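Read through the structure below, which is laid out as structure tokens, and then see the notes.
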Amino acid sequence: MANSMSFLLLLSLLAFAPLCLCNKNVGGYLYPQFYDYSCPQAQHIVKSILDKYVVVQPRLAASILRLHFHDCFVKGCDASLLLDSNGGIISEKGSNPNRDSARGFEVIDEIKAAIERECPSTVSCADILTLAARDSVVLTGGPSWEVPLGRRDSRDASISGSNNNIPAPNNTFQTILTKFKLQGLDLVDLVALSGGHTIGNARCTTFRQRLYNQSGNGKPDSTLNQYYAAYLRTRCPSSGGDQNLFFLDYATPYKFDNSYFKNLLAYKGLLNSDQVLFTMNQESAELVKLYAERNDIFFEQFAKSMIKMGNISPLTGPRGEIRENCRKINA
């Protein structure tokens with residue numbers, strides 16, 4: 001008990017540690033004031049346009065947050081995910097994690113067009129996506145943070161990276177943690193960032209195996225609450241209905257809060273990749289308990305981990321470009 005309390009106290013202290021916003025990178029560094037003089041209206045434009053969309057389609061907040069995550073895990077936060085297939089570029093939009101599920105591109109397009117009218121060839125698509133991810137969290141009731149800026153856009157994409165680097169819903173805990181560590185993120189980041197599933201939806205096809213054949217023996221997942229599983233089976237049959245949508249957090253699906261972690265304690269995590277945070281590793285289970293009890297600590301760590309994720313291998317200085325259109329490289 002004493003060791004457990006000491007661990008929780010340490011986590012509490014870490015959660016409130018000062019944020020470093022100045023990660024040095026090859027060719028430059030990121031800082032929140034990057035556009036203060038070159039495009040002072042940039043952040044206002046991002047939030048105002050995003051707000052207009054989220055009011056009408058609340059689900060888009062989670063979609064934008066997911067785009068940022070899926071972008072950063074492939075070649076870093078460089079807006080490669082936003083590129084359409086063209087010429088020698090094969091779009092990451094067609095990868096297994098993104099096909100039929102990645103959405104919100106039209107929101108980024110509108111934001112980019114508005115910023116281009118205000119400040120031509122100044123603000124990168126990568127920074128727009130990073131800001132929009134932060135604002136998606138804020139608009140649904142989550143924490144805010146200063147976003148380090150100064151990223152540039154890539155001139156290529158990697159569909160193989162998208163297929164291999166992004167954690168999958170049915171990955172084991174160790175595989176997911178390994179994929180996070182390869183990006184310079186640790187177990188604390190894994191648990192905190194998974195809390196982004198407090199908003200958004202998942203398709204039946206992403207968790208069907210938990211309902212019918214989790215271990216290849218024709219039986220459901222023993223770590224899934226049986227009553228919750230029975231409800232899920234009513235709309236996620238053993239075959240068909242692949243695109244049927246379910247809330248990742250059934251309790252407060254449109255509110256960014258810590259109920260996601262409370263669901264895990266009740267064995268009501270929708271995806272296998274959610275529930276394993278509580279069932280397969282003691283350290284991550286302690287974090288789940290902490291965040292379920294302390295929404296403030298979850299918010300603090302989520303903000304820190306989002307900044308850390310946003311600093312994965314950004315293109316700065318002379319590398320990359322400022323795309324005029326987020327869907328294609330400049331001529």
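Using N, Cα and C of the backbone, Cβ positions are placed for all residues, glycine too.
Automatic prediction, not curation, is the source of TrEMBL annotations.
As recorded in TrEMBL, the features of this protein are as follows:
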- 1-22: signal peptide (SIGNAL)
- 29-330: domain 'Plant heme peroxidase family profile' (DOMAIN)
- Cys39-Cys119: disulfide bond (DISULFID)
- His70: active site, proton acceptor (ACT_SITE)
- Asp71, Val74, Gly76, Asp78, Ser80, Glu92: Ca(2+) 1 binding site (BINDING)
- Cys72-Cys77: disulfide bond (DISULFID)
- Cys125-Cys326: disulfide bond (DISULFID)
- Pro167: substrate binding site (BINDING)
- His197: heme b binding site (BINDING)
- Thr198, Asp249, Thr252, Asp257: Ca(2+) 2 binding site (BINDING)
- Cys204-Cys236: disulfide bond (DISULFID)
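Around the Cβ of Cys236 (disulfide bond), 23 further Cβ atoms fall within 10 Å across all displayed protein chains.
Here the Cβ of Thr198 (Ca(2+) 2 binding site) has 29 other Cβ atoms within 10 Å, regardless of which shown protein chain they belong to. The recorded positions in question are His70, His197, and the one with the fewest Cβ neighbours inside 10 Å is His70. Apart from the site residues Asp71, Val74, Gly76, Asp78, Ser80, Glu92, the chain places the Cβ of His70, Cys72, Phe73, Lys75, Cys77, Ala79, Leu81, Ser154, Ala157, Ser158, Gly161, Ser162 no farther than 8 Å from the centroid of the site's Cβ atoms, the recorded Ca(2+) 1 location. Summarising the environment of Cys72 (disulfide bond), the number of other Cβ atoms within 10 Å of its Cβ, over all protein chains shown, is 29. What surrounds the Ca(2+) 2 site, by Cβ distance within 8 Å of the Cβ centroid and not counting Thr198, Asp249, Thr252, Asp257, is the set Ile199, Ala251, Pro253, Lys255, Phe256, Asn258, Ser259, Tyr260 from the same chain. Neighbour density for Asp71 (Ca(2+) 1 binding site): within 10 A of its CB lie 30 other CB atoms from the protein chains shown. Cys326 (disulfide bond) has Cys72 as its nearest neighbour among the recorded positions Cys72, His197, Thr252, going by CA to CA distance.
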